[in-house]
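Per TrEMBL, transmembrane segment is recorded for 14-36, 48-67, 88-110, 130-148. Among the features that TrEMBL reports, domain 'Tripartite ATP-independent periplasmic transporters DctQ component' is placed at 26-155.
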Amino acid sequence: MKVIDGFHKGLNAFLRWFCIILFVVMVGLVIAQVVVRFLGISLPWTEVSARIVFIWQGIIGAAYVIGEKEDVAIDWLVNKLPVKAVKGVSILAHAIVAFFAIWIMIWGGMRNVLAGWEDHVQLMPVTQGQTFLVLPIAGALIVIYSILHTIDIVRASDEEITHHEEPEDLDISKIAEEGI
């Protein structure tokens, strides 16, 4: 199990840094576009590049968020169920997510990759298929994360399953006084 936990942490760290690097590249491209426009120079490839990097960063970022279990979850009703039911519903939820990732992102993504492999992106030395390659990659990552989360659920104790922290209430006046 240490190997699985180490793999999970390593994958999370890799994706976190990958997304950070993509974000920095995207911001750099946008700033370069603004600066060269101010100087009256045109670099149209920066806009297209920023768009491609944004697509990759957003979709890989979604897989990373799922891996960190920070995705949107409406679990109020699930938390009212008995522990065994919570485990079952959680495993079912991860199976549904994995099915979606396999069907839509991997299978559908590969169809888009193959259909667009010869179509060149305007002003760039890449094809639409290469741009769409992020879909099956992120889909595979989501399937891996669904499997890892299912393993965590199966090996978790009842106390770990039922222990949920309630989100703390936001005190807007306190935030306004202290600043963000």
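Backbone N, Cα and C define each Cβ position, glycine as well.
TrEMBL entries are annotated by machine, without manual review.
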Subject >> Residue numbers, six or more beyond the limits of the transmembrane segment (88-110), whose CB comes under 8 Å of its CB atoms >> reply: 66, 78, 81, 132-136, 138-140, 142-143, 146-147, 149-150, 153-154, 161
Subject >> Secondary structure content of the domain 'Tripartite ATP-independent periplasmic transporters DctQ component' (26-155), with strand meaning DSSP E or B >> reply: 100 helix, 2 strand, 28 coil
